[in-house]
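Novice: Annotation source TrEMBL lists active site, proton acceptor at E:Pro2. According to TrEMBL, the feature domain '4-oxalocrotonate tautomerase-like' maps to E:2-60.
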There are 6 protein chains.
Amino acid sequence: MPIVTIQITREGTTPEQKAALIKGATDLMSEVLNKPPALTFVVIQEVELADWGVAGLPVEEFRRQTGSEPNGD
Amino acid sequence: MPIVTIQITREGTTPEQKAALIKGATDLMSEVLNKPPALTFVVIQEVELADWGVAGLPVEEFRRQTGSEPNGD
Amino acid sequence: MPIVTIQITREGTTPEQKAALIKGATDLMSEVLNKPPALTFVVIQEVELADWGVAGLPVEEFRRQTGSEPNGD
Amino acid sequence: MPIVTIQITREGTTPEQKAALIKGATDLMSEVLNKPPALTFVVIQEVELADWGVAGLPVEEFRRQTGSEPNGD
Amino acid sequence: MPIVTIQITREGTTPEQKAALIKGATDLMSEVLNKPPALTFVVIQEVELADWGVAGLPVEEFRRQTGSEPNGD
Amino acid sequence: MPIVTIQITREGTTPEQKAALIKGATDLMSEVLNKPPALTFVVIQEVELADWGVAGLPVEEFRRQTGSEPNGD
């Protein structure tokens, strides 16, 4: 009965992508630890860009300063 | 000074129900472990249906496939 | 399919008390939101006293300075 | 590579304050544990007032009963 | 820069299995959302059996009553 | 009444360093958001090296492959 929590920045993740994350995480628990899907919970938490910091900066400012692309981090 | 975090799918939980969850969780900590309510935090996290997975499926798809009711899970 | 996480300081909580917390939290979800126990997870996280801070102090120092009892907080 | 999660009630915290929280938390990890900012994540979680309980009450009711100011808790 | 947290009961998960969980979760974020592995954190939290409850019971009691195998849940 | 959770790898963090993290996090909430220390909780979670992954690898393997120092990440 594992719980997999996936925290990502809120940047347009589609329902299909979320379904793929849920399936992938559940399959992973089944394949590696033989955990039954019926008792595997997956929770996705989308976090606003202003609420996520890296290198001491909010993500958008970090990207501005480093020139990295939205999906480069 | 316990912290009780309650994660539920976002499905119309009313302020009254939330107040009941807060009171019930606080009473539980007090009754079982004698923890003072004044230093007991309860945090409710409502999760969108598309962001919660069980049996490898987003909840709504899980319910569609299994025919289970919204509050059947 | 709620998840209830209970964080408490590690101070000798017995298996019986943990079972009571698990039952109480599950009953609470059932009574208030009609959530089925079979899909309600409860996770207890015991935290070392040195790892829990309040009022800017580790718990033991907080208690020393305020004279509060172990279960007074 | 620490992760610092800051949970606060949703009460108008500005982007500038969030940036200050991110910088401050990152600096703290660097100063105390010499952790590199580039691999320090800070996640801010704002919680609705109705979803946060203390002393067995939702925050707003707690403040009403105790007369405490929004930033008095 | 996603964070994937995997909560499982403490039941002898080997370092190799943990490495497989870390690789699998990182690959999943990369394949589905194109997230760079270098900024993907995976945190595994093992929970004692007495600290995990389902159906209102600690896991071991749940298994005793339902006859389910350790990896049947 | 904020909650600050600090997740770090378990690598010999001393009680004094933990006390400094608790004080620093509490001061940060007070300085930036005027939150009262008496109702600010700080929880430190130390994670075993084998339980923390980055770049698809357990930390120790990541360090072996990249040659980075224990406190270089």
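Yeah, the Cβs are placed from backbone N, Cα and C, and that goes for glycine too.
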Novice: Mean pLDDT across the domain '4-oxalocrotonate tautomerase-like' (E:2-60), rounded to an integer, is what?
Specialist: 97
Novice: Starting from the Cβ of the residue listed as 'active site, proton acceptor', draw a 10 Å sphere and report how many other Cβ atoms land inside it.
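Specialist: Other Cβ atoms found within 10 Å: 25.
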Novice: Return one of helix, strand or coil for the residue listed as 'active site, proton acceptor', based on DSSP.
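Specialist: Assignment for the residue listed as 'active site, proton acceptor' reads coil.
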